[in-house]
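Participant: So Swiss-Prot lists the following for this protein:
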BINDING   HIS84, HIS183  heme b b562 binding site
BINDING   HIS98, HIS197  heme b b566 binding site
BINDING   HIS202  ubiquinone binding site
TRANSMEM  34-54  transmembrane segment
TRANSMEM  78-99  transmembrane segment
TRANSMEM  114-134  transmembrane segment
TRANSMEM  179-199  transmembrane segment
TRANSMEM  227-247  transmembrane segment
TRANSMEM  289-309  transmembrane segment
TRANSMEM  321-341  transmembrane segment
TRANSMEM  348-368  transmembrane segment
Amino acid sequence: MAPNLRKSHPLLKMVNNSLIDLPTPPNISAWWNFGSLLGICLITQILTGLLLAMHYTADTTLAFSSVAHTCRNVQYGWLIRNLHANGASLFFICVYLHIGRGLYYGSYLYKETWNTGIILLLTLMATAFVGYVLPWGQMSFWGATVITNLFSAIPYIGQTLVEWAWGGFSVDNPTLTRFFALHFLLPFLIAGLTLIHLTFLHESGSNNPLGIVSNCDKIPFHPYFSLKDLLGAALMLSPLAILALFTPNFLGDPENFTPANPLVTPPHIKPEWYFLFAYAILRSIPNKLGGVLALAASVLILFLSPFLHKSKQRTMTFRPLSQLLFWFLVANLLILTWVGSQPVEHPFIIIGQLASFTYFTTLLVLLPLTGALENKILNY
């Protein structure tokens, strides 16, 4: 009998072991859909991005009008741009839900998978930031100026570093050119890191809602979960289509309809909604270097999750106290997001400071303590 090509061919074998015959826990819930949804998001963003890059000009005098030209004169250019801009928002929604799932179900105990995931998040944030600068609107320009300027808080080398990043003494043509180069390159780096992320995941196999070993129960990924992921994809692409077709500018900033002007500062400089929680943490500390460190810590704190796990149970499924804290953390992040969008005045300053404090306290102190307390209660 001839060997099955799907299982013997060097390339098809890899696809087969990752997407078809992959042994999967039978009880994984819809929260496990987000990995594949992120893959779909990445492919969508790369395709729409490539089409946009064909019509974009990375020059300060032409960038804004080239984007306008794409929307007005290119066949379906408006749709491609709207899908790309709103696809980024959907990408971040999926990423945050994916990370939330990892925190809730103790997936961070697969350390290599978790750490590559955080590196992926950082790369994604960098990609989104440099991409936001490209349309060269007011908020693009001032967002780039404010965020790159933060590097000047680094002692001794800060100012040199900023000028090196800018390619001059302010955000100008060289900055735009290099940001376009980076925005083109980084998604392919993300695709490469995704393969590493999956390689580490498939070494251990997926976690499941009970957090117990499920080797004896596993079922093939296809057709069970390929079909389930297809439903997830439909449920994700529908809001994207609705957003891109009916309210394409709902998540954008009105300032970006004005071409960049270094002489006029917008009244409220703020990033896209998916960075607002980190922006609120940055603003909550009156000292520049302190703010930058807090901003970095707000994301890098995820690296500590495996070491802060004190419970004898992996997931929070049967740990009501930890569940309460987890949802407290979610609410906390929503408050930070809201505060980040508000002007720097009373009462938003104090709310932001309190929310920043409780964010770090919950992750570093309360969750580990609660895990240890639950061990005691359960007589472990």
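Cβ coordinates come from backbone N, Cα and C, glycine included.
Source: prediction; values computed, not measured.
Please go over these features one by one and say how buried each is and what sits next to it.
Facilitator: Taken residue by residue with DSSP, HIS84 (heme b b562 binding site) is part of a helix.
Around HIS197 (heme b b566 binding site), the C-beta neighbours below 8 angstroms that are at least 6 residues distant in the chain are THR113, THR116, GLY117, LEU120.
The number of other CB atoms found within 10 A of the CB of HIS202 (ubiquinone binding site), across every protein chain shown, is 14.
Residues of the same chain lying 6 or more positions beyond the ends of the transmembrane segment (114-134) and with a Cβ under 8 Å from any Cβ of it are 56, 58, 63, 67, 88, 91-92, 95, 98-99, 102, 107-108, 140-141, 143-144, 147, 175-176, 179-180, 182-183, 186-187, 189-190, 193-194, 196-197, 200, 271-272, 274-275, 299-300, 302-303, 305-306.
Long-range contacts of the transmembrane segment (179-199) within the same chain: residues 18, 38-39, 42, 45-46, 49, 53, 56, 58, 113, 116-117, 119-120, 123-124, 126-127, 130-131, 133-134, 144, each at least 6 residues beyond the stretch ends and with a Cβ under 8 Å from a Cβ of the stretch.
For the transmembrane segment (227-247), same-chain residues at least 6 beyond its ends with a Cβ under 8 Å from one of its own Cβ atoms are 30, 33-34, 36-37, 40-41, 79, 82-83, 86-87, 89-90, 94.
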Participant: Among all protein chains shown, how many Cβ atoms are found within 10 Å of the Cβ of HIS84 (heme b b562 binding site), not counting that one?
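Facilitator: A count of 20.
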Participant: Using a threshold of three or more Cβ pairs below 8 Å, and leaving out pairs closer than 6 in sequence, do the transmembrane segment (289-309) and the transmembrane segment (321-341) count as in contact?
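Facilitator: When sequence-distant Cβ pairs are counted, the transmembrane segment (289-309) does not touch the transmembrane segment (321-341), since fewer than 3 lie under 8 Å.
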Participant: Can you tell me which of the binding-site residues HIS84, HIS183, HIS202 is spatially closest to HIS98 (heme b b566 binding site)? Compare CA atoms only.
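Facilitator: For HIS98 (heme b b566 binding site), the closest Cα among HIS84, HIS183, HIS202 is found at HIS202.
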Participant: How big is the gap, in Å, between the Cα of HIS84 (heme b b562 binding site) and that of HIS202 (ubiquinone binding site), rounded to a whole number?
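Facilitator: Cα-Cα distance, HIS84 (heme b b562 binding site) to HIS202 (ubiquinone binding site): 30 Å.
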Participant: Would you kindly list the residues that approach the transmembrane segment (289-309) from elsewhere in its chain, counting only those six or more residues past its ends and only Cβ-Cβ distances under 8 Å?
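Facilitator: Distant contacts of the transmembrane segment (289-309): 99, 103, 106, 108-109, 111, 114-115, 118, 121-122, 125, 150-151, 153-155, 277-279, 281-283, 356, 359-360, 363-364, 367-368, 371.
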